[in-house]
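Pulled from Swiss-Prot, these are the features on record:
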ACT_SITE  HIS136  active site
ACT_SITE  LYS157  active site
ACT_SITE  ASP175  active site, proton acceptor
ACT_SITE  ARG240  active site
BINDING   GLY151, GLU152, SER153, GLY154, ILE155, GLY156, LYS157, SER158  ATP binding site
BINDING   SER158, GLU199  Mg(2+) binding site
REGION    261-266  region 'Important for the catalytic mechanism of dephosphorylation'
Amino acid sequence: MSVTIEDIIKDLELEVINKGKNVNEINVSDINRPGLQFSGFYNYYANERVQIVGKAEWSFLDAMQPDLRKKRLEKYFEFDNPGTIVTRGLIPHKEFLESAIKNKRWILRTNNISTRFINRLMNYLDVKLAPETRLHGVLMDVYGIGILITGESGIGKSETALELIKRGHRLVADDAVDVKQIDGVLNGTSPYITSGMIEVRGMGIIDISALYGLSSVLKTKNIGLVICLEQWKKDENYDRLGIDKEYMDILNVPVRKLKIPIRPGRNLAVIIEAAAANYRYSLVSDVTPVDVISERIQELRKEDGGDE
């Protein structure tokens with residue numbers, strides 16, 4: 001993924017003071033404040049980043065003699081960069097504009113103060129530049145846990161999601177889930193076209209927000225647990241104690257995965273609710289039901305006079 005300065009102008013509503021010749025792709029979410037460059041130091045200059053000129057940099061330039069300021073700015077604008085953004089609505093110096101126009105560099109402006117704008121810009125770039133993929137499944141918010149329900153087509157993922165929605169949980173995406181990895185966290189959302197919709201075989205497409213209210217649909221959710229629905233296999237050795245832990249790799253992030261075999265009479269919605277509650281409990285406690293059972297066995301052995 002990449003972003004251009006024109007994307008930033010549009011999405012962050014920036015004022016264009018001077019239009020540059022090149023529209024360079026931005027591939028990093030970090031920014032640079034060119035105070036050192038204005039002083040003439042160009043070692044380790046990160047000119048591939050968006051440049052931010054705030055009150056400190058502006059005041060530094062303002063304190064210079066015009067001839068020196070012109071010299072320093074001509075040197076600065078000789079280097080190509082995606083664009084320079086002036087914050088606080090500051091008016092660029094005459095030498096600043098002349099050098100930018102001469103070298104055909106992008107100069108933009110925002111009325112935001114530097115700190116707030118930098119946070120906003122870096123968050124924007126983090127999202128835009130994050131690694132992403134599209135997965136087949138249903139993403140639900142169950143008890144505050146983002147659960148990705150996977151399984152082969154026709155196994156009942158959407159029907160299970162519909163039952164969960166009836167029980168008060170929220171839909172994020174059905175059938176196609178767009179996933180981005182931001183700082184090791186997987187964030188899932190729905191493609192725009194299918195947002196708020198569920199496809200149920202035999203009924204067609206259902207508008208969840210229209211039938212169950214806007215609160216039944218969530219725009220985005222971090223993925224904490226993957227539940228894979230599969231047909232019951234007689235010879236499969238399913239985990240009965242919760243000791244064996246399996247993970248699914250999504251964009252190089254391991255996510256806890258549970259296999260739920262489907263069999264007549266099993267209430268999948270209730271099982272998924274229990275899985276979500278159990279996962280949430282595991283985040284705050286290291287004690288598992290197996291630990292509790294082991295302690296009880298030890299207690300019974302002691303009562304019977306055995307300590308082994």
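Cβ from N, Cα, C; glycine included.
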Give me the sequence-ordered set of same-chain residues, not including GLY151, GLU152, SER153, GLY154, ILE155, GLY156, LYS157, SER158, with a C-beta within 8 angstroms of the centroid of the ATP site's C-beta atoms.
LEU229
Have a look around GLY151 (ATP binding site) and count the other CB atoms within 10 A of its CB, chains all included.
20
Among GLU152, ASP175, GLU199, all listed as recorded positions, which has the most CB atoms within 10 Å of its CB?
ASP175
How far is it from GLY154 (ATP binding site) to ASP175 (active site, proton acceptor), counting Cα to Cα, in Å?
11
DSSP on the region 'Important for the catalytic mechanism of dephosphorylation' (261-266): how many residues come out helix, how many strand, how many coil?
0 helix, 2 strand, 4 coil
Across all the protein chains here, work out how many other Cβ atoms are within 10 Å of the Cβ of ILE155 (ATP binding site).
17
Using the structure shown, find which entry in GLY154, GLY156 (the binding-site residues) has the sparsest Cβ neighbourhood within 10 Å.
GLY154
Take the C-alpha atoms of SER158 (ATP binding site) and HIS136 (active site) and report the distance between them in angstrom, rounded.
11
Sequence order is fine: just name those recorded positions in HIS136, LYS157, GLU199 with a Cα within 10 angstroms of GLY151 (ATP binding site).
HIS136, LYS157
Please report the three-state DSSP label of LYS157 (active site).
helix
Below 8 Å Cβ to Cβ and six or more residues apart, same chain only. Which residues does that give for HIS136 (active site)?
THR150, SER153, ASP175, ALA176, VAL177
